[in-house]
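From Swiss-Prot, here are the annotated features:
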| type | residues | note |
| --- | --- | --- |
| DISULFID | 80-182 | disulfide bond |
| DISULFID | 85-141 | disulfide bond |
| DISULFID | 95-189 | disulfide bond |
| DISULFID | 108-161 | disulfide bond |
| DISULFID | 147-191 | disulfide bond |
| DISULFID | 155-193 | disulfide bond |
| SIGNAL | 1-20 | signal peptide |
């Protein structure tokens, strides 16, 4: 019995430590590592619960899914409205080459591909579930930026730039409290883009 309890305690501590100081943090928001099965970190049960919570807001405000881009009267949705999929546009963020490579063009074009992240890390390194509720008519999109590798004239998804880490404000959901938040989530970590 003691061995069984010890095993459960070790498993619990391992899970907590992995989530608290996660060594498997994605390089960028939309790049989900598979080592810990992160692609399925948000279960179907959780997705359904989030869908229901978002639907409750739209029902309360009497807003159809089609008109949900105005985000109703909920403060988290109003504040984080910039990244709603129907209204988001590719931004003018650029990544610049390191000094002293002046002979290369200084800017990389913004990639036109977007993704719909299901989880991310806040600027405090805390794991968050990012709200995606397609059935209720609410989806959040983040554009993938290309960065320049050190000393290279090629724009790609790897390498480094001189700018600070880019962050976006997205609607997140606290499962325990059933509350929506608008929080700063890291977009590019290993390949920072200008925010």
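Every residue number used here counts from 1 along the chain in the order it is shown.
Note: Cβ is positioned from N, Cα and C throughout, glycine not excepted.
Owing to the predicted nature of the structure, the values given are computational and were not obtained by experimental measurement.
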Express the distance between the Cα positions of residue 85 (disulfide bond) and residue 182 (disulfide bond) as a whole number of Å.
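Distance between the two Cα atoms comes out at 16 Å.
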Measuring Cα to Cα, tell me the gap between residue 182 (disulfide bond) and residue 141 (disulfide bond) in whole angstrom.
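Between the Cα atoms of residue 182 (disulfide bond) and residue 141 (disulfide bond), the distance comes to 15 Å.
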Of all the disulfide-bonded residues here, 80, 85, 141, 182, which one's CB has the most other CB atoms within 10 A?
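Buried the deepest by this measure is 80.
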Please report the three-state DSSP label of residue 182 (disulfide bond).
strand
Return one of helix, strand or coil for residue 85 (disulfide bond), based on DSSP.
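SS state of residue 85 (disulfide bond) = coil.
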